[in-house]
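Novice: Not my notes, these are from TrEMBL:
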- 32-89: domain 'Potassium channel' (DOMAIN)
- 151-224: domain 'Potassium channel' (DOMAIN)
- 116-136: region 'Disordered' (REGION)
- 65-85: transmembrane segment (TRANSMEM)
- 142-162: transmembrane segment (TRANSMEM)
- 174-191: transmembrane segment (TRANSMEM)
- 197-216: transmembrane segment (TRANSMEM)
Amino acid sequence: MFLLQILRKVKNYSEEVVKQIESCWKPESDERAEWNFVTSTLYGFGIVTTLGYNRIAPITLAGRIFCILYGLCGIPVTMITIANVGRYMNTFAKSCKQKIEKFRVHYWNRKTKLKNKTHQDDNGNNNNDDNDDKNEESSTGFASLVLVAAFLVYVAFGALLLPLLNGETDFINGLYYNFLCLTAIDFGQLVPQRVAFLPITFMYVCIGLAITTIAIDVGSEYVRKLHYVGQKMKNVASTRIWFGGKTLKVLDLLHEVGNKCGVEASVIDKMDLDNVIEQAIARNEGRQQLPLKHEDIISTNEPISELLSPEQQSIAAHPIEMYPLLSRSKIRSRSNAQSNNLASLML
């Protein structure tokens, strides 16, 4: 009887040892690496956002073909949606900045009890408009710095938040995985262990991708400017300008304006538009430039009188000023108005 009890204890002990040994060699199971509805959603999200979810992958031929077709349809739609969200965020940020600037100016004027008076130039335009344009251009660099700072703060915020969803506090690894995710490399490590926290992760990733899109747009503008630094403008006449969702060549636009002003298309075709645009941009940027002359505008050696119609020659026979007068509030006579229209278009 005593021997039987000893054998039973040894048997129970051996079974426990075997179970412990098996548990040491048995690989840990991760629900995020098994196919189910949640992981399938994560895998589809990784495809359409081009982030990738490297914990699972299809192994059948039909599944891989479906992933290709799904990506071809879903990636463009997702990219357009994220880009639109980024533009809306950029527009919202600009409107907030304008409201803050208006409030600051109003508060400063009210505090100092000074009234801003609008000074008009000879053409009747407000100088405040030019100042607003200069302020808008000067604030571009500041906005870029704010955008970079916002991106870094957002990554740091995610590095603190997302590990907490798993009950951990690992800032360095969280920072690393957030950077990989928001730069469209991989987001599989950001998936929380609890399914209830998945919407938070999705929202964080979508907003982060929108911020990244804005940063890429701003960076591309600077790269484009660096590409054309020191280069002379060429073929301005064939350059297309976007008006909403449609484009129009500069030369076609000038033809329409000339038609409204009574200037023939042949006169506009003889203009050196490259030089004219360079001079206009230089004056807009505040660089000192000499006033345009006829030889700077017309890219031919023919006399300007040969390029004009008989009616325009009769107008040009009278002394006219070489600068636009169309914007003046009062025009003394009809002939002066026609002469001013011709000179304005040529300049």
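Every residue, even glycine, has its Cβ placed from backbone N, Cα and C.
Automated prediction, rather than curation, is the source of TrEMBL annotations.
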Novice: Over the domain 'Potassium channel' (151-224), work out the mean pLDDT and round it to an integer.
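Specialist: Overall, the domain 'Potassium channel' (151-224) comes to a mean pLDDT of 79.
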Novice: For the transmembrane segment (65-85), give me same-chain residues lying six or more residues beyond its boundaries with a C-beta closer than 8 angstroms to one of its C-beta atoms, as numbers and ranges.
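Specialist: Contacts of the transmembrane segment (65-85) (Cβ under 8 Å, skipping residues fewer than 6 from its ends): 44, 47-50, 58, 206-207, 209-210, 213.
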Novice: With DSSP as the reference, give the number of residues of the domain 'Potassium channel' (32-89) in helix, strand and coil.
Specialist: 43 helix, 0 strand, 15 coil
Novice: If you run through the domain 'Potassium channel' (151-224) with DSSP, how many residues end up as helix, strand and coil?
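Specialist: Here the numbers are 60 helix, 0 strand, 14 coil.
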